[in-house]
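A.B. asks: Per TrEMBL, the features are:
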{"type": "BINDING", "residues": "Asp281, Lys291, Phe326, Lys340, Lys344", "note": "CTP binding site"}
{"type": "DOMAIN", "residues": "5-177", "note": "domain 'Flavoprotein'"}
{"type": "DOMAIN", "residues": "187-398", "note": "domain 'DNA/pantothenate metabolism flavoprotein C-terminal'"}
{"type": "REGION", "residues": "1-191", "note": "region 'Phosphopantothenoylcysteine decarboxylase'"}
{"type": "REGION", "residues": "192-402", "note": "region 'Phosphopantothenate--cysteine ligase'"}
Amino acid sequence: MLKGKKVILGVTGSIAAYKSVLLLRLLVKAGAEVQVIITPAGKEFITPVTLSALSGKAVLSDFFANSDGTWHSHVDLGLWADIMVVAPASANTMGKMVNAICDNLLITTYLSAKCPVLVAPAMDLDMYAHPANQRNIEQLRTFGAHIVEPGTGELASGLEGKGRMEDPEVIVQRMEEILGSQKKKTLTGKKVLVTAGPTYENIDPVRFIGNFSSGKMGFAIAEALANRGAVVHLVAGPVGLSVSNQLIERTDVVSAKEMDQACREIFPQCDAAVFSAAVADYSPANLSAEKIKRTGDDLNLQLTPNPDIASNMGALKKAHQVTVGFALETSNEEVNALKKIGKKNFDFIVLNSPNNAGEGFMTDTNRITIIHKDHKKENFPLKSKKEVAEDIASALEKILLK
């Protein structure tokens, strides 16, 4: 996987810098072309000569070559690499990456990079656990960086805890996984609407009608499509999930009516839509302005139908648009799914069931059947939701690229 790949290895000021030598040897042995960039503090822990001897390239650190004043272009470096890994990544360097403090070549190259970035933190346990450092790590994730969590064990301070840089073998494995997951940008230029998560229908200021949807399936679909180059408009119900791909534009809603309104605004500009949200079918007819008190008597709650978002978009659907539905059925599964295809004008529907372990809501796995409007079926085994999302994205891609 790494053979012929162009890798930038960033080395920072950490006692774990010696591990960068082991990582560099593994990368070169795997056939990668490695350009090392070391920070000024990094040179206090390991010499550029050692790294240069192993990589076969001059190690870069300064913006200009001392001998002739040649400029080391961070822009060219950022465009050159297939992947960038910062290992070890000190708390100082991660803070600079988050806040765009461009006082060394490594940071300017990171900000110019067009490739995946992998960060392997290394520091003492209290530094690692500090809220400021944790905030920076989370911010790097939101910027799209991949984080290799540090291991737990004896640290340079003599203390035991989390903070030691992960083993080079593990970092190489993560690099291979990242490069292996890079899809060809087959959907570049396409716009896709994805709905995800539950909707909450308020009863009073503290109670609501909802369901157990975690939103994991819809978010995984959004990521899978964005990884293929599509601009994804994600309309999400109330979930505690985040996205990292910059091609995902997110709109957060709470109720079915809010989701319906957002979809009406977004769908006409899209080439396709995937309706994976678990939208509440009903909402209370009357919202109580105050918390409903216990009286000991029965409580009758009048419900009214919510907008059928998929049906509404199906009615607005143009000839070039592709729509995908979801059916979570507990009985007569295929019969009910086929009815939905016709009723809601879907090109295909994703059928799953909560009846079996590992399927449906609140799990990291799912088993699906894709049923097309011509009644052709594709059955898939139990997989992680990320893998299921790839299957759904592939089915949608085939139709969009016909």
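Placement of Cβ uses the backbone N, Cα and C atoms for every residue, glycine included.
On a predicted model such as this, the values are computed, not experimentally measured, just so you know.
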A.B. asks: Minimum Cβ neighbour count within 10 Å among the binding-site residues Lys291, Lys340, Lys344: which residue?
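C.D. replies: Minimum Cβ neighbour count within 10 Å, taken over the binding-site residues Lys291, Lys340, Lys344, occurs at Lys291.
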A.B. asks: Mind computing the max CA-CA distance among Asp281, Lys291, Phe326, Lys340, Lys344, which the record assigns to CTP binding, rounded to whole Å?
C.D. replies: 37
A.B. asks: Under DSSP, is Phe326 (CTP binding site) part of a helix or a strand, or is it coil?
C.D. replies: strand
A.B. asks: So among the binding-site residues Asp281, Phe326, who's got the most Cβ atoms within 10 Å?
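C.D. replies: That would be Phe326, with the highest Cβ count within 10 Å.
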A.B. asks: If I take every residue in the region 'Phosphopantothenoylcysteine decarboxylase' (1-191) and average their pLDDT values, what number comes out?
C.D. replies: 89
A.B. asks: Using DSSP reduced to three states, classify Lys340 (CTP binding site) as helix, strand or coil.
C.D. replies: helix
